[in-house]
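Remarks on the structure that follows.
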Ligand code: F3S
């Protein structure tokens, strides 16, 4: 059987770096290790880390109750106030914010200090967006739809700095920027979209078009996995979404001919490997 496994399947660079950081800290730290929020949205990884003693801190207020240890910041990043609080509580801070997100923090901080109104094209409430907001010292607005962009009307003379959430759709970003540019504010636009998601989707599409069976691995609640599934299904009717290799035995598989495998952004490598092995042995 021929298996085509996507090179971009699973963790992107930033998530891999953050997960590796936690495992390294567990190895070398004698004090408790915490992550600020779950390090990734993958039950198996979070459970494995929990078994190694890693605890998840959900809110900034909880930091005050900790009596020492290391707090790791995940790839999404956090507002500046959280970093400050970790230090103020006498805890060690290990920042695993993805460097692409960190770059946006620096831009937001710098341009905000210069007096620009920061506009984040993204989904309000998303942890990454909340983090970026928290590096602005002046006005900041999140715009996620054309309507919001049209209604955005800061007072005349306002200067803008427009950035985007790393996972935002490029075409949507372009449309919103166009709307804002018509308003003729003095603005600088920085396309801070990360290409990892797009590359993963493009490769999945390409592989799905060449195979007889396509397997998409990822959490049932993972929106990027669902998106991958939809893309693959368009190219290959025989596409399946599974969470782990266990699901391979449950589903009515028609595993025939060439098989393609891809995985969502929070699927660890060992799960992808297990699926690959299982397909080779069982089908
Ligand atoms: Fe991943 Fe960092 Fe891009 S976390 S999706 S590599 S911005």
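Cβ atoms here come from the backbone N, Cα and C positions, even for glycine.
All TrEMBL annotations are machine predictions without curation.
Noted in TrEMBL for the protein shown:
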| type | residues | note |
| --- | --- | --- |
| ACT_SITE | 128 | active site, proton donor |
| BINDING | 12, 98, 194 | [4Fe-4S] cluster binding site |
| BINDING | 41, 76, 126, 222, 223, 224, 266 | dimethylallyl diphosphate binding site |
| BINDING | 41, 76, 126, 222, 223, 224, 266 | isopentenyl diphosphate binding site |
| BINDING | 41, 76, 126, 166, 222, 223, 224, 266 | (2E)-4-hydroxy-3-methylbut-2-enyl diphosphate binding site |
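Separating the Cα atoms of residue 12 ([4Fe-4S] cluster binding site) and residue 166 ((2E)-4-hydroxy-3-methylbut-2-enyl diphosphate binding site) is a whole-number distance of 12 Å.
Only 98, 166, in sequence order, out of the binding-site residues 41, 98, 166 have a CB under 6 Å from ligand 1. With the fewest other C-beta atoms within 10 Å around its C-beta, 126 stands out among the binding-site residues 76, 126. Spacing of residue 222 (dimethylallyl diphosphate binding site) relative to residue 166 ((2E)-4-hydroxy-3-methylbut-2-enyl diphosphate binding site) is 17 Å (Cα to Cα, whole number). Long-range Cβ contacts of residue 98 ([4Fe-4S] cluster binding site) within its own chain (separation 6+, distance under 8 Å): 13, 14, 15, 17, 18, 75, 76, 77, 166, 194.
Excluding 12, 98, 194 themselves, the residues of that chain whose CB lies within 8 A of the CB mean position for the [4Fe-4S] cluster site are, in sequence, 13, 14, 15, 75, 100, 101, 166, 196. In the three-state DSSP reading, residue 222 (dimethylallyl diphosphate binding site) counts as coil. DSSP assigns residue 128 (active site, proton donor) to a helix. Looking at residue 266 (dimethylallyl diphosphate binding site) and residue 128 (active site, proton donor), their Cα atoms lie 16 Å from each other.
Counting only same-chain residues at least 6 apart in sequence, those with a Cβ under 8 Å from the Cβ of residue 224 (dimethylallyl diphosphate binding site) are 167, 197, 200, 218, 264, 265.
Those residues noted as binding (2E)-4-hydroxy-3-methylbut-2-enyl diphosphate (41, 76, 126, 166, 222, 223, 224, 266) have their most widely separated CA atoms at a distance of 17 Å.
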